Each structure stands twice: as structure tokens, then as C-alpha cells.
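Have a look at the structure below before the remarks.
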């Protein structure tokens, strides 16, 4: 039973609607438009919203959308056929009204389609019932039953014959290979009085076999002695040229003062080189303002300039024919026209580090978007598909929700509470380093920061944050802020409960008047159930304002697995009725991938969450905001 079937234009005008139940179809259809159609995620023609499954079909020639909704617990096999039949009949019946392509004509038009739809629905249901159930094949109908018994016996009897032949061949090979050995063994046999015929064809006695084995052993033992003596002689000259071991002054009794080459310290900070090291760690550039990510390089600009020079020298006739090649003159695109171009685009995206499944879904979405669309006179299939793919990628990198941390922090200040951010991710992606970069960015904007060391698992995690806190304090000392401590570390050591430490840190920040609490968590693989349970507990108990997933730009297919399993684990291990999932992404190590920026597409596509920060280096100023057009330009670059 269908809940609803609706037909509307891409401009938002509902042309016809069928209601199978009393509930309104407005909510599910609006969710489909927001989450799929506007976000360019049309690779799959199915969408799930709460208890409903929505299937849709796009008509790009007439700019129409056909949507059917039914309960997801039902398995209706006739839905796809019903959508195709309704699409074909509705388009053919109201072609003239739709081709006018004006909102006024669509509003004034009367689309009396109820009787036709009920007839198509009845035919589709009956066709699914008429389909005969599949019966199991009998043994008499199988190919094995048609074979005679004699053929089976012959095939079974051939196997030992083949083995015998192979063994004979192996025996002849061994005899041929043992020829030189037999001749070498003939000499001691002749000395002992044995005839040659006894060796070749006649069986030897027990005493003669023992004597021969003894002689073979002596020969082998003698050869081994010769080899060992040769190796000893050959190693002798090598020892003369071997490097002499280094002699230490104290003869192995090392003193810490002799081995300590570090600079003298006072309270854990270097005395003389403090300002110089801090300037190197800070980096260059404005720390309080995030610059847009720039994916272009000087090499690319030089290559572009070089590529324009030879193009000017080409003949005008060849350039004209090259331009006219592949033009499509006022015809509607089909999948056959786009197939070769989409295959190249898919391979190009995978080569740029986009996950394989997502590359396939992106190309499928572009195909659904362009199928049936009428092309212009001077436009090629390649340029049309490439432009549509670029628009889809830009739309994906600009998801529904935009995270503005500074605005949210000021809103939390008005409510007199700290703004809490939790960092999570797998091992070794740079959570602590990028937490320090974000701390520096917040300090430059005048907000005080409390760093909560909730990584009680990894050795050295607290010390790493303590070092960052010391350096950030040197960059923003209390003297510059009227004696107010701008950054502080809250830690309780190792082996403690991370959720309890985060709760104490938030209470401490509220009492001391800190603006932001940055919670650092332990790195964990997405398959580690105990650590994922602990992370879900930390997020559920403390309810942070922002949950950031830190992922590196080097990964390809692994990005999809990480994000899907992190979200699934947070949902499964959460004790809340509506579990808290990932709110945004921090993409690290972006300076190491050149133009292979596909991880940004993979992470954003799979979560529908924005990339809030991009890490581009080791200094505190190496933090950028994502520029969607620059990333897409680097992604589409050949």
C-alpha cells in the first residue's frame, strides 16, 4: 500500500498528488528536497525518512520530479515499474502544458490524473501477483543426470593414469639429473671391486649400500670442510678493512652531564632561546583571521602559461575542427552519450583520492541530473558533464549547516557559560597539534581557553599539551591581558575516567570564567568497541557544543569507513534517546597531498557535515578555512 505519490516541478509547484493515508506528505518530500536534490546526492533513487521509504525519478527534459512514498517495512516490488509507467503516461498526456514552461500555465493547468494513476497502480499490483513463484530444479532436469554412467567412470579412471604418467616423467627427469652423480660415484665403486652393471641395473647388497652411503658422507663432509676453510680465508682480508669501534672517553661509564646536549632550562622552558623558538613555532601571517585555502601552486601557473604558448601557433583550420568535434546540436542527452565521459571522470576522481564508492555515486548523480536534458548548439558532452560535476562538488562542500565558532562563543558568553568543543579521531592524525592551533586562533581573537587533557591512554599526551600550553602562554602572557590567564591546562594524569575529567574541567572553566573549553580525547580506531563506548559516554555526559572529527587528508577509502563507523558507534553506544553525532570535520596534513584533495569530498559527502578547519603545516598560524571552489578546481585539474 502506498502512502502517497506526488508530481512536482523543480521550481516547487505541485502538479498532482495522490494521498493513500491521512498523513501529509509535505514533511518527507521537503526532507528529500533538502537532503538529496539540493545537495546533489542523486546517485541513489531511494531515500529513507523516519518510517518511510521514498523513491523518486527525475525528468530533466521537462524539469519534473516523481516521488512515491511507502512504509519501509514493506517490500513492494512493483514500485519501480509504477514510477516508470506514471512518468511515461503523464509526460505524454500533458506534454503541451508542460512544454510552455511558465509558472502561470502550470498553475492554470488542470492535471486530472487520478483515474489513470489508479489504473496503473492496479496493473502494477496484479503483475506482481501473477508472477509465478520459482520452483526448484529436479535432478532429472540437471546436466549431471544427462551424462551416462560410463563417462563418469572413464573420467574417474583417467586420474590415476595421469598421475602414473606424471610420476614416470618425474622418474625419468630424476634419472637424467642423477647421471653426473652416478658417474662420480662409479669411481669409488670400481676401486672397491664392484662392477658397473651392478650400479646401473643390478640390485646392490646390503653391505655394498652401507659402504656407498659411508663414502658419500665422507665426500660431503670433505666438501663442507673445504667450503668452511675457503670462507675463513675470504673473511680474513675483510677483517683488516673493518672500521674500528669508537672509544668513549669514560669507557662505557656514561655520565648524564656528558650525554646531555640540551639547553639549560628553568621551570621546563629554555632560558636563552625562548623568544626565537616561539617566533618559529608561531609562524607568519595573521593568527586571528583564518585565510582561505589556496590549492594552486607556482608550478601549475607556469605550466598553464607554457600550455598557452603552443596553442597560439596551431593553425586556425585545425583549431576550428578541434572545436567542432563532439558538438551536440539541440538533442537530449542519453546515458550512452555520457557513459565514456563519466567513466573517465570516475577514474579521475579515484586518482585524486576520492573514495571509490563515492566517485561512483557522484557520477551516477550527474548522469541522473543530465539524462534527458536538451543540450545547446555549441556545447560538447564532455564540457557539459564536467560543468555539472563541478557544480555538484561545490554544492557538496557547502553543506546545509555552517559552523561559526566565534559567533557561537559570543552567544555562550552572553549566557555566562563556557563553549565546549570535543576533538575525536583515529590515532596519529594530529588532534593535539590542531587543538593547539585552534587555541592560538581563539587567543588571537581575545577568548580565554582551558585545555582539558582527557587523553589518559597514550603515554606523553599530557606532556604534549603542557608544552603547547607553555608556548601559548609565552605568546599571550597575562601582562598583555591585564593580568588575566588566557590559556591553562586542566589535567588529572593517566588512567582516569575521561568523561569525569571533562566534567570537572567544564565546572572549573565555569567557576574561573574561561570562555572556551577544548577537550582532547585519546586516538582510537573505529573498530575498538571499549574506547568507542568511552567516547560516546564522554559526549553523552558532558553534551559539548561542538564535536569535531579530526581526519587526515592522506586517506582515501579509509575516510568513509572511519566516519561511518564513528557515527555508528556514537549512536550505538550512546545512552541518550537522540544520540549526538559528529558536527564538523578538521582536515589535517593538507600540505602533503598536492592536488589529491579527494578526502575532503569523501568526508563531507558521507556525513553532510562541513569542514570547519584545514591544517596546512606545523606552526600555530598554519590553519585555514576551506575554499570550496579552490578545492574543486584542484580536484578537476588534469
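Cβ atoms are placed via backbone N, Cα and C, with glycine included.
Residues or ranges marked as region 'Disordered' by TrEMBL: 132-198 (among others).
Residue counts for the compositional bias 'Basic and acidic residues' (137-146) by DSSP state, with H, G and I taken as helix and E and B as strand, are 7 helix, 0 strand, 3 coil. Annotation source TrEMBL lists compositional bias 'Basic and acidic residues' at 137-146 (among others).
According to TrEMBL, the feature compositional bias 'Basic and acidic residues' maps to 153-165 (among others).
If you look up TrEMBL, you'll see 218-239 (among others) marked as compositional bias 'Basic and acidic residues'.
For 218-244 (among others), the entry in TrEMBL reads region 'Disordered'.
Taken from TrEMBL, the feature region 'Disordered' covers 281-317 (among others).
Annotation comment: TrEMBL describes 304-314 as compositional bias 'Polar residues'.
Marked as domain 'SRP54-type proteins GTP-binding' by TrEMBL: 610-623. Mean pLDDT for the domain 'SRP54-type proteins GTP-binding' (610-623) in the predicted structure: 90.
Cβ atoms under 8 Å from those of the compositional bias 'Basic and acidic residues' (137-146) belong to no residue of the same chain, restricted to positions at least 6 beyond its ends.
Remark: secondary structure over the domain 'SRP54-type proteins GTP-binding' (610-623) totals 0 helix, 6 strand, 8 coil, with classes taken from DSSP.
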